[in-house]
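Chemist: Right, I'll just put the structure down here and ask away after.
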Amino acid sequence: MRISKFKQAIVATAMASLFALGVGQSAIAGNNGLVKSKDSFGQTIYVAPPSGMTVTTGTPRNGLQVQNKYGQHPQYLRQVVAYNSGEAKGTIIVDTTARYLYLILGKGRAMRYGIGVARDGFEWNGTHRITAKKEWPSWTPPAEMRKRQPELPAFMPGGINNPLGARALYIGNTLYRLHGTTQPWSIGRKVSSGCIRLTNDDIIDLYQRASIGAKVIVI
């Protein structure tokens, strides 16, 4: 059966996209030059790579390229982990030393997120509750922060350039928040003035899971 040039172009474009993103992680180069892989439904497919692309066997090098281009270490990627705690399901535990935030799922498990924490001199700890949740929050830098950084605006509306990122969970009656960031490379580092930052993807995930009134323990 002959394949039209139009269909060949579609296949070539799709394969180029898959390889560029590191999606074809189980792909194998066969003797006939075709690439064996799996589609999103788990079905085996054989397609020819685009002209000029060489396919080799072995582990692909692009598996973490999307994350690594932001400088985020793989250990800080969101994942479910074993975590034994006497705290109730839905409790948030922030381990500032390890740079992890745990959302208790129950049955000895927790969702673990990588975080950026307070830099030296701005550390704090304590137990509070989530008192508010906001999407694309605005930001009013405290007077003390503006004194240290006079270039900061008095007010910044929510949006993609706002340092609070895509979501914010407000902690008690403090000025601290769990929030997103415009600097994903800062996850795992001591960078903030006291707030706990997550990548925008992670704060959106946490925002959907956490409830107002949830207990927050910062250690």
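Even glycines carry a Cβ here, placed using N, Cα and C.
As annotated by TrEMBL, signal peptide applies to 1-29. The annotation domain 'L,D-TPase catalytic' is assigned in TrEMBL to 90-219. Here TrEMBL flags His179 as active site, proton donor/acceptor. Per TrEMBL, active site, nucleophile is recorded for Cys195.
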Chemist: Hey, how far is the residue listed as 'active site, proton donor/acceptor' from Cys195 (active site, nucleophile), Cα to Cα, in Å?
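Modeler: Given the Cα positions, the residue listed as 'active site, proton donor/acceptor' is 8 Å from Cys195 (active site, nucleophile).
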Chemist: Count the Cβ atoms, other than its own, that fall within 10 Å of the Cβ of His179 (active site, proton donor/acceptor), considering every protein chain shown.
Modeler: 26
Chemist: Using Cβ-Cβ distances, find the residues under 8 Å from the residue listed as 'active site, nucleophile' that belong to the same chain and are at least 6 apart in sequence, listing them in sequence order.
Modeler: Ala118, Tyr176, Arg177, Leu178, His179
Chemist: On the three-state reduction of DSSP, what should I expect for the residue listed as 'active site, nucleophile'?
Modeler: coil
